[in-house]
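Heads up: the structure comes next, in structure tokens.
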């Protein structure tokens, strides 16, 4: 299954270029598994679906450690029918999302519990878009059940859901929502914003 | 129909707060028509679907005139079934998207031709998500036909389409894509990134 993300990093700082270049070093361990292409608006990463959120977590935590107000914005996708299947993208069967919904919710919660903490508090908001046929509202409601019991649920907002907590469990929660819900081979897109070091964080 | 956007503005500058506060003044003419709510991650605007992109254009052009590298990121939505219908959101019938596809493509092109220029060059990339039933691939292909002849088409990227040009026709093109394609009363979401004053613009 073709999976990847268009990601952008925004440090609200005069030295944003230095913050970005230093943060990108955190992607080094992922380079053997990803195709990476950059232009003036975003960086494309294409690779195994279960590695997308760990890579974004490490990139963002590295930038946030500058102490500057930083935001990561990403368009994440799996199973897009208009994209060629890429040999570096592994199948989704490893995520076990052919299991009954109640078991997937339990497994998603367990995965978040096992996530290592990073010491970096973040706010995240995202929208999950199950596209095409083969998706059911049961999947969405199951995902919402999982989010509310994830330990990092903040609140529901118009058009999106907001999380807050340590970057470790927050990115683990995002990854579980992306991987375990929606049709296993279906097209799922996720629109993500993560913020750290905001002066106005509530 | 309920319509609105979660929008964020990112000036890559130490004085990002001043740039944002000054840019927000550009929203004043829209305040009578919009409900506006802000938290630490984004600002919600809820209002008539045909005013969303003009409001974002004026906000962004105002920020970009600071000369700083600025990005606007937004999650735009119409017809979301999980949202209450809001009396300040007007029906979609005014957009004429019950017309045959070929006529809508022609009208969308004409609307972009009429767009006033702003003097501000921007790059924009976006993904359009027609959700639920009642959407057809014909609508997507029709939208792509329109984009390629909009005069601001830059290139197709993985997961998104990139535009480049004056903010006037670029935001007009985005608005036409959002309003005229997909089921008239269907749920359509649009994930948007607009960038100005990048040092690495190609």
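In case you wondered, yes, glycine gets a Cβ from its N, Cα and C as well.
Annotation comment: TrEMBL describes A:9, A:43 as thiamine binding site. Sequence annotations record features per position, and here TrEMBL assigns domain 'Thiamin/hydroxymethyl pyrimidine-binding YkoF putative' to A:4-83, A:122-199.
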Residues satisfying Cβ distance under 8 Å from residue A:9 (thiamine binding site), sequence separation of at least 6: A:19, A:20, A:23, A:59, A:60, A:63, A:70, A:71, A:72
Neighbourhood of residue A:43 (thiamine binding site), C-beta criterion under 8 angstroms, separation at least six: A:6, A:7, A:8, A:36, A:37
Helix, strand and coil counts within the domain 'Thiamin/hydroxymethyl pyrimidine-binding YkoF putative' (A:4-83) (DSSP): 34 helix, 25 strand, 21 coil
DSSP helix/strand/coil residue counts for the domain 'Thiamin/hydroxymethyl pyrimidine-binding YkoF putative' (A:122-199): 26 helix, 32 strand, 20 coil
